[in-house]
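Engineer: Structure incoming, see below.
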Amino acid sequence: MKLFGTDGVRGKAGEFLTPFLAMKLAMSFGECLPKKTGKILVGKDTRRSGYMIENALVSGLTAIGYDVIQIGPMPTPAIAFLTEDMRCDGGIMISASHNPYYDNGIKFFDSFGNKLSQEFEEKIEKRYFENNFNLKTEKEIGKSKRIDDVIGRYIVHIKSSFPKHVNLNGMRIVLDTANGAAYKVAPTIFTELGADVITINDEPDGFNINQNAGAMHPEFLAKKVLEYRADIGFALDGDADRLVVVDEKGEIVNGDKLLGALAYYLHKQNKLKNNGVAVTVMSNGALEKFLNDMGIKVYRSNVGDKYVLEVMKEKDLNFGGEQSGHIIFSDYAKTGDGLVSALQAVAYLIQSGKKASEAFDLFELYPQIQANIQVSSKPPLNEIEGAKELLDEVEKEGYRHLVRYSGTENKLRLLVEGESENKAKELLVKLKEFFKSKLS
């Protein structure tokens, strides 16, 4: 596809992502949707370019007869929830997630708050390039209205995911909202539940989103957790669909260890649907062993929360995630939601009766050794003579491997993982030399 990437349409604002592109994309989306209520919800993060893109989207949608509800800066998962809750035909989020301020993006949701399938995205692209839209007459043009009080609906929804018999009284929590979409909603939720909240990076100016802040730079949160002697710290990214946790010692909790602890928490409460968890191919093998030892099945997907969700639907699961911090509790959210994940993490912490440094350290990770090699071509890996035999050899040694081409560069990415770091290095050297001889 020419426009859509792994998570909507994304690029440099004003260069790739122009108002013309946004307007046409909005019309294409609107004309592909089944029209029921005639309403589409639009939200955004805190980037300056959000104003430009929002107005272009509204222009395109009203031109083809839709009424638009604009709700201002809100997390991506809030758009997913509110689209369904407010009976809209579709939802649009303007955000480039964890990218710098100069990028922006457009994410689409159907009337149930689900991200679009690849087939639906292809349909939108086809409409976009046909460039022949059904513009409405002056009497049929849609209207737009801005609603600023929907934040309350989302707060009530998020708080409903937290156990009613638990409160956060006496707990000190540092929140890093990355100067992004959750800068108002995150501290409100934790304060209402009784926590002593210290918020950092909560003064967006249109340019400072994700800048040395949030889930991409948790080292700043780590310093503040120590400085304020907090029990735990949570870092979100620009659109609050990702979570990074810092324990009371100022240590960043590994993403796979976080997934393991949350799966353990659900399992102990008999809330883990079909006793299974969806993770990606990047998750550490030690997580899989830890879960298997409890009788929990592990299913792996391609990288991307969208693919994790596909596996969750296919296997009828209610929990999954990526080591990068996209965690999906599908009983409460249709997509990764950093705030739902943070509330589940703190509920587990309180009920464990332990310090965060112990509660989230339930197993040791296997060493992972990685390398990239430059390639001059990208033939299918299964067609390279001798590749299957070599990879089988790695597996026979009891080591896991991941060999894949980069989606954006002329590189082959290699990973070997297992109990011994030295053995993993030795096997990686073998793989590196073999693929270099075949592809460089």
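Quick reminder: no glycine exception, Cβ is built from N, Cα and C everywhere.
Values in this document were obtained by computation on a predicted structure and should not be read as measured data.
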Engineer: Among S97, S111, S376, S377, indicate the single residue that Swiss-Prot lists for the Mg(2+) site containing D237, D239, D241.
Structural biologist: S97
Engineer: Within the same chain, and leaving aside S97, D237, D239, D241, name every residue whose CB is within 8 angstroms of the centroid of the CB atoms belonging to the recorded Mg(2+) site, in sequence order.
Structural biologist: D45, P75, T76, S95, H98, G180, A181, A215, L236, G238, A240, R242, G338
Engineer: About how far apart, in whole Å, are the alpha carbons (Cα) of D241 (Mg(2+) binding site) and S97 (active site, phosphoserine intermediate)?
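Structural biologist: With distance taken Cα to Cα, S97 (active site, phosphoserine intermediate) is 8 Å from D241 (Mg(2+) binding site).
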Engineer: Give me the CA-CA distance between D237 (Mg(2+) binding site) and S97 (active site, phosphoserine intermediate), in Å, as a whole number.
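Structural biologist: Counting only the Cα atoms, the answer is 7 Å.
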Engineer: Which residues does S97 (active site, phosphoserine intermediate) neighbour through Cβ under 8 Å, counting only same-chain ones at least six apart?
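Structural biologist: Same-chain residues close to S97 (active site, phosphoserine intermediate) (Cβ under 8 Å, separated by 6 or more) are D7, T76, G105, D237, G238, D239, D241, R242.
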